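**Q** As listed in Swiss-Prot for this protein:
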type: COMPBIAS; residues: 20-31; note: compositional bias 'Basic and acidic residues'
type: COMPBIAS; residues: 50-60; note: compositional bias 'Basic residues'
type: COMPBIAS; residues: 258-276; note: compositional bias 'Basic residues'
type: REGION; residues: 1-60; note: region 'Disordered'
type: REGION; residues: 226-276; note: region 'Disordered'
Amino acid sequence: MSIKKFKPTSPGKRYMTVASKEEITREEPEKSLLAPLKNKSGRNNQGRISTRRQGGRHKRKYRIIDWKRDKDGVPAKVASIEYDPNRTAYIALLNYVDGEKRYILAPLGIKPGDKIESGSKAEIRPGNALPIRNIPVGTIVHNVELKPEKGGQLARSAGTYCQIVAKEGKYAHVKLPSEEVRMIHLDCRATVGQVGNVEHENIDLGKAGRARWQGKRPSVRGVAMNAVDHPHGGGEGKAFVGRKTQYTPWGQKSAGYKTRRKAKKSDKYIVKKRNQ
């Protein structure tokens with residue numbers, strides 16, 4: 001994938017870059033794999049803001065992705081590579097020999113016509129999904145499960161991957177994109193290869209309007225607010241925070257303070273923390 005630049009015919013296009021989308025082979029999605037998606041604008045069921053800075057995005061439909069990859073022993077053929085507005089990665093449409101169609105995350109290097117399989121007997125090839133016990137140590141994987149049969153949860157964004165670094169007993173040591181090393185059960189599944197669209201991190205939106213199309217609203221600094229709205233607010237002129245450290249709008253420390261619970265159940269599965 002390459003990045004496309006524009007001539008500076010306007011201030012918004014001066015630094016704007018987009019993905020060339022050379023890999024995409026189909027414009028219209030598969031209708032049987034679409035679902036309605038309502039824009040909640042960051043509101044909960046009471047209509048109150050639960051997630052700030054969201055709203056006003058372009059209408060879109062959800063693409064139903066096969067996270068579990070549980071169709072064992074049935075080969076499939078990659079029909080097309082498609083754009084998905086709901087995620088940074090591209091998606092691949094699979095046509096199984098029994099007639100079923102499913103979407104998966106498009107791994108790096110996959111193309112229409114490639115053969116894809118799932119199950120313990122599948123080959124170690126990009127796009128194939130296997131239990132971790134059947135994947136050699138050192139292999140790069142993505143869409144990794146945390147619990148068997150729950151569906152992939154780790155390394156699903158564009159360009160991300162995990163690496164199996166060791167196997168011990170019932171667990172494998174997996175290095176995550178955050179550099180954290182975590183123990184994951186050998187029966188959990190993972191897909192071989194790296195997620196495609198690796199140049200996504202280098203894309204420059206170029207103007208505020210493109211962010212608004214994505215549903216991102218402006219972020220207002222706490223020091224620019226009134227004292228009633230934020231712990232950093234108030235004061236005469238451009239006043240400083242006025243406290244020893246920074247705080248969230250709800251009064252919790254947000255700098256120099258560990259916000260993870262000290263006795264979390266998943267701590268026993270973490271071999272190396274991401275900040276060590």
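Using N, Cα and C of the backbone, Cβ positions are placed for all residues, glycine too.
Keep in mind that what you see is a predicted model, and the values were worked out from it rather than measured.
For each listed feature, how buried is it and what is near it?
**A** Note on the compositional bias 'Basic and acidic residues' (20-31): DSSP counts are 1 helix, 0 strand, 11 coil.
Within the same chain, residues 171, 173, 176, 178-184, 252 sit at least 6 positions outside the compositional bias 'Basic residues' (258-276) and bring their C-beta atoms closer than 8 Å to a C-beta of that stretch.
As a summary of secondary structure, the region 'Disordered' (226-276) carries 5 helix, 5 strand, 41 coil according to DSSP.
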**Q** With DSSP as the yardstick, break the compositional bias 'Basic residues' (50-60) down into helix, strand and coil residue counts.
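**A** Counts, helix then strand then coil: 0 helix, 1 strand, 10 coil.
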